[in-house]
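Novice: Below is a structure I'd like to ask you about.
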C-alpha cells in the first residue's frame with residue numbers, strides 16, 4: 001500500500017541555510033562569498049547551455065535512428081485516414097525524432113504539397129503534442145534518489161502529460177464529430193489577409209554554434225521520404241554539402257575536394273563543417289553514437305544543475321524566489337496570478353523555442369521544492385502555447401501558394417492548446433491534471449519502479465496497441481477498444497464512489513477486496529520487483545566477491561612467497577629446514593591418498 005505521511009508531502013520544504021550568516025562574515029569572507037556565488041551562477045548558465053545543446057543533439061540523434069521509419073509511417077495514407085491511427089502516429093513519430101517541431105514540420109510540408117488534407121493532419125498534430133511531453137518525464141527519472149524529491153519532480157513532469165491526454169480525450173471525438181478545429185482555423189485563415197514572414201532565430205543563434213559543429217541534418221530528406229520520393233530513400237540525412245556562396249566558375253576542374261563538392265549550374269557549393277561530415281558510417285551508427293553521448297551529457301548536466309541549485313537556493317535567497325514564484329496576488333485578484341504564469345511560460349518557451357527545454361528545466365525546480373505543482377501547471381500550459389507561436393511564424397515563411405494550408409495546421413496546434421486550457425484551467429474544480437499527477441507522484445514515491453512502467457505503458461505500449469488495432473480495421477478497433485474503454489470508465493466511476501459515496505454502491509463493490517491481491521494492490525508486484533533486483537544484486541555481489549576472494553588468495557600467496565624468500569635470505573639454514581618439512585608433508589599426503 002502507498003504510505004501515508006503524517007505531514008502533507010506536497011508542502012514545499014524549507015531550504016535551510018547551513019552556512020555562516022552574512023552578518024557574521026568579515027570583509028574578506030563577504031567578498032569571497034560574492035565571488036563564489038557569481039562563479040556558481042556562471043557555471044549554472046554553462047550547464048544550462050550544455051543541457052539545451054544536448055537536447056538539440058538528442059533530437060538529431062533520434063532523427064537519424066528513427067527518421068526513415070517516421071517517414072515510412074507518414075507515407076501510409078490509408079492508415080492516416082483513421083483519426084485514432086493518425087493520433088498514435090503523431091505520438092510515435094514524435095517519440096522517434098524527439099521533436100514536435102520536426103514531426104509537425106513534416107505534417108505541414110505534406111499538407112502544403114497536397115499529400116495530406118488538413119482534416120487528416122489534425123489528429124497527427126494532436127499526437128505530436130502528446131509525444132513531446134515524454135522528455136521532461138524522463139528528466140524526472142534522474143531525481144529518483146530521494147523519495148520526496150522524486151515525488152514532486154515526477155508529479156511536476158506528468159502534470160503536462162495528463163493535460164495533453166485529457167485534452168485529446170475530449171477534443172479528438174469533438175473534432176471527429178464536428179470538425180471544430182478545422183472549421184474555426186479555416187474561418188480565421190479566410191478572414192485575415194496574412195502575408196509571408198520569417199521565423200526568428202532567438203536562442204538558436206547561440207546554441208547552433210556548438211550543435212552545428214557536431215552534426216547538421218538535412219531536414220528535407222525525411223520530408224522527401226514521407227512524400228514518397230524514391231531518391232530521398234537513398235540519401236543520407238547527414239548534411240554533407242552546404243551552399244556557402246554563389247559564383248560563376250570556369251568549369252568542374254576548378255572544384256577540388258575538400259574545398260568544393262560539386263558544381264550545379266555554376267553555383268559553388270562548399271563542404272559542411274561538422275564532426276560527422278567525413279565519417280564513413282551509416283546514419284544509424286552515427287545516430288546511436290550521438291544518442292549515447294547526448295544522454296550522458298544531458299543526465300550529467302541535470303544532476304549537476306540540481307546539486308548546484310540546492311547549494312545556491314538557500315536561506316533568504318530561496319525564500320525570496322519561492323515567494324515570487326508561488327505567491328498569489330491579494331484578493332480579489334488572486335486568479336490573475338495563474339494567467340500571468342501562463343504568459344511567462346509562453347514567453348520563455350518562445351525564447352528557447354522548445355517546450356521540452358522549458359518543461360525539462362522547471363522539473364528539477366519542482367523536485368527540490370522551489371516551484372509548487374500548482375504553479376508548474378500554468379507554466380507548462382504556457383509552454384504549450386509558446387511552442388505553437390514559433391510554428392506559426394515558421395509556417396508564415398512558406399510560399400504564397402502553400403501559406404494557407406501550412407498556417408492552418410499551425411493554427412490547429414495553437415487552437416488545440418487554447419481549447420485544452422479552457423477545459424482544464426479556469427475553473428479550479430476542472431484542474432484534474434494536478435490531482436492526477438499528485439496521485440501518480442504518491443504511487444511512484446512508494447514504488448519507484450512504477451515510474452518506468454508508466455512511461456512504457458503510456459508512451460509505447462498503448463500507442464502501439466491502438467496502432468496495431470487500427471491496422472486490422474475499424475471493426476477490430478471498435479470491437480476491442482470499446483469494451484476496454486467502457487471497463488476503464490466503470491472502474492474509474494467505482495473508485496470515485498468508493499472514496500466519496502460508498503453508500504451508493506452494493507456492499508460487495510465498496511472495496512476491491514473480493515479480487516486477488518495482485519489485481520488491486522501493487523504490493524505483490526513490488527515484492528516481485530524487489531526480489532528480482534535483490535537476486536540480480538546478489539549475483540553481482542557474488543561474482544564480485546569471488547573475484548575479490550581469488551585476488552585476496554593470490555595476494556596472500558605472493559606475500560607468503562615473499563616472506564619465505566626474505567627468510568631464506570636472512571637465515572639460509574632455516575629456509576632449508578622449512579623446505580625439507582614441506583617435502584615431507586607432501587610425501588605423507590601422497591601416501592594417505594594412495595591408501596584410500
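Each residue, glycine too, has its Cβ placed from N, Cα and C.
Bear in mind that the values here come from a model prediction, so they are computed numbers and not experimental data.
Below are the features I grabbed from TrEMBL:
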TRANSMEM  31-58  transmembrane segment
TRANSMEM  79-100  transmembrane segment
TRANSMEM  120-141  transmembrane segment
TRANSMEM  162-182  transmembrane segment
TRANSMEM  284-309  transmembrane segment
TRANSMEM  329-351  transmembrane segment
TRANSMEM  406-427  transmembrane segment
TRANSMEM  447-466  transmembrane segment
TRANSMEM  472-497  transmembrane segment
Novice: Which stretch from 120-141, 162-182, 284-309, 406-427 shares the most C-beta pairs under 8 Å with the transmembrane segment (31-58)?
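Specialist: The stretch with the most contacts is 284-309.
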Novice: Return the stretch with the most CB pairs under 8 A relative to the transmembrane segment (162-182), choosing among 120-141, 284-309, 329-351, 406-427, 447-466.
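Specialist: That would be 406-427.
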Novice: Where among 120-141, 329-351, 406-427 do we find the most Cβ pairs under 8 Å to the transmembrane segment (447-466)?
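Specialist: Answer, by Cβ pair count: 120-141.
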